[in-house]
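The compositional bias 'Basic residues' annotation in TrEMBL covers 248-260, 374-383. Per TrEMBL, compositional bias 'Basic and acidic residues' is recorded for 313-327. Here TrEMBL flags 139-209 as domain 'K Homology'. Among the features that TrEMBL reports, region 'Disordered' is placed at 1-27, 248-280, 313-339, 351-383.
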Amino acid sequence: MAASTAKDSTSGAQTAKSPKKTKVPVDESELLTVPDGWKEPAFTREDNPRGLLEESSFATLFPKYREAYLKECWPLVDKALGDLHIKASLDLIEGSVTVSTTKKTFDPYAIVKARDLIKLLARSVPFEQAVRILQDDVACDIIKIGTMVRNRERFVKRRQRLIGPKGSTLKALELLTNCYVMVQGNTVSALGPFNGLKEVRKVVMDTMKNIHPIYNIKTLMIKQELSKDPDLRTQNWERFLPKFRHKNLSKRKEPKKKSVKKEYTPFPPPQPESKVDQELASGEFFLRESVKRRKKMGEIKVKQAEALTKKQEERNKAFIPPKEKPLMTKTAKAPTEGKLDIAAIKEKVKKAKTKKLGAPPVIPPPPTSSTTDKKKRKTKDKG
């Protein structure tokens, strides 16, 4: 009895201590979206007062044509990296740039930002844009497009399509993604927020896969307008986004020459008949050698006669005169329906004269007596 009462008391205590937990439904979109106006606090020396344990360094090569620009802007690069306590060195003989941490460096991610800075400078990005990578909310992405298209001419056309006429397509992409995009050689360098970089990479990869960038730009414009509406922010946008179809695909999907597979049979194919078997079947095997030879010669003569007749016909073609065209062509009779109606034309002319169009008609002055006397004298002289 005592044991049973003890069990009842323990079970009652457990039920009292552990009530059923009710899960509060949490909207996943709220967890994924960053609140408006929220900014991550900056990393200071107080967060890492002892500094770094080991020295880290990165180096990158740059092309010969970037040497003059790097020499010119190197004091600015040195100053920008000096604020993060990172040492930078420029080797013009080897053609490389090296960045490394120092004892004063406290931010462990600063060396990665410095590495990205020298990469962007080597890829022809101007210093004014490349220095933005040192900010916390800015990242970079260098997309390699050189190996995506085999044909060089096709690659150049698609790369030019990404830039657009007078750089209009690239400018539209920059405005929609808030990123700086630089197309140089076999790479595309992008600099901006993380969400924008993801969109830039998608547009660049699709363009290299022969999808025009205007389709992706149109989709980005619709997404930008939908994000402004707080009611639509949590809904699915598939019904608003345009669906583009590939029009340049060939209609014929089946091959021209279809190989029909034969039905599988476990038995091997029948053995072809030998020459002796064929002669036995036709009865030639039992003929004499002289008869066989005579028959073979007869077949050869028939073939030779056919070949001679064909050659003779081809030679005689040159002597066959061509068909002459008739010299006089039959004159087509003029259609009776198309005759001009002279009476109708005269009436139209009379009506046009009676109508007053524009300025009044000029009335010629009456002839003077002197002119009439001259005309009379001329007529008398002729008479």
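FYI, residue positions are counted from 1 along the chain as it appears here.
Note: Cβ is positioned from N, Cα and C throughout, glycine not excepted.
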Can you give the mean pLDDT for the domain 'K Homology' (139-209), rounded to a whole number?
93
Counting each residue once, how many in the domain 'K Homology' (139-209) are helix, strand and coil under DSSP?
40 helix, 17 strand, 14 coil
List the helix, strand and coil residue totals of the compositional bias 'Basic and acidic residues' (313-327) as derived from DSSP.
7 helix, 0 strand, 8 coil
Under the DSSP assignment, what numbers of helix, strand and coil residues are found in the region 'Disordered' (248-280)?
6 helix, 0 strand, 27 coil
